[in-house]
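Below you'll find the structure, written out as structure tokens, and then a few comments.
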Amino acid sequence: MTSSGEQCFSGGIDSIIQWWNIPSSNVDPYDTYDSSVLAGSLLGHTDAVWGLAYSGIKNRLLSCSADGTVKLWNPVEKEPCISTFNTNNEHGIPTSVDFNGCDPAHMVVSFNNGDVAIYDLETSQTALVLKGQGDSTVPCLNHINKVVSHPTLPVTVTAHEDRHIKFFDNKSGKVIHAMVAHLDAVTSLAVDPNGIYLISGSHDCSLRLWNLDSKTCVQEITAHRKKSEEAIYDVTFHPSKAYIASAGADALARVYV
């Protein structure tokens with residue numbers, strides 16, 4: 001979503017990023033399709049788009065793709081792609097991307113091998129690599145499903161296939177804390193806008209709310225059903241209200257107060 005909430009972006013397995021105008025809440029969802037809802041298409045990836053992140057500071061969009069690249073976009077430009085990162089797959093295949101919360105001139109990108117790279121968006125250079133591989137000898141278990149940046153502290157948080165959540169110090173590159181957070185793969189993470197709580201979703205069907213200071217679970221919600229061994233795909237906080245939302249393999253989106 002854009003900061004204003006008036007537009008959003010979606011990435012598909014067709015490699016295209018679509019840019020949408022959010023229709024008015026008065027519109028009947030069963031009305032005929034209004035073509036003006038589609039504001040534009042961003043072309044440049046050659047394989048599925050796995051992750052998107054938007055920053056309202058300069059109205060920039062980040063995307064990561066199965067083609068191995070991460071791209072920075074200015075959607076309103078005629079040539080929207082500003083720069084491309086990881087062009088030679090030097091860090092692996094990117095799985096998730098986020099702007100650095102306390103330094104928007106940097107981004108964090110997670111990779112399928114368990115590493116996280118911090119990039120300088122001005123120079124397109126790697127500023128730091130956070131080594132996050134676990135003890136697993138099975139490479140797929142090192143896979144990171146989601147990376148998020150703390151909004152005010154130099155901290156990066158990652159969700160892992162091996163049920164772990166890890167916290168990194170962006171200055172030293174070291175792991176501050178690692179914990180087995182769920183009974184199955186941790187698929188999704190979100191930090192609340194004030195940086196006090198973290199929410200995680202997992203294929204164990206639960207959402208867990210964590211106090212970021214103490215790294216303790218303060219609430220667990222089980223509201224999705226498993227389908228084909230998968231459960232929760234994404235979680236998020238409302239940007240200003242006390243709401244949490246989740247989306248699951250059971251085809252449901254849920255909002256919690």
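Glycine is treated like the rest: Cβ placed from N, Cα and C.
Panel annotation: around the repeat 'WD' (42-74), residues 1-4, 9-19, 80-87, 89, 92-99, 104, 107, 109, 119, 121 of the same chain, lying at least six beyond its termini, place a Cβ under 8 Å from a Cβ of the stretch. Residues or ranges marked as repeat 'WD' by TrEMBL: 42-74 (among others).
Looking at the repeat 'WD' (179-220) alone, the prediction's average pLDDT is 95. For 179-220 (among others), the entry in TrEMBL reads repeat 'WD'.
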Check: Residue counts in helix (H, G, I), strand (E, B) and coil for the repeat 'WD' (179-220), per DSSP?
Finding: 0 helix, 25 strand, 17 coil
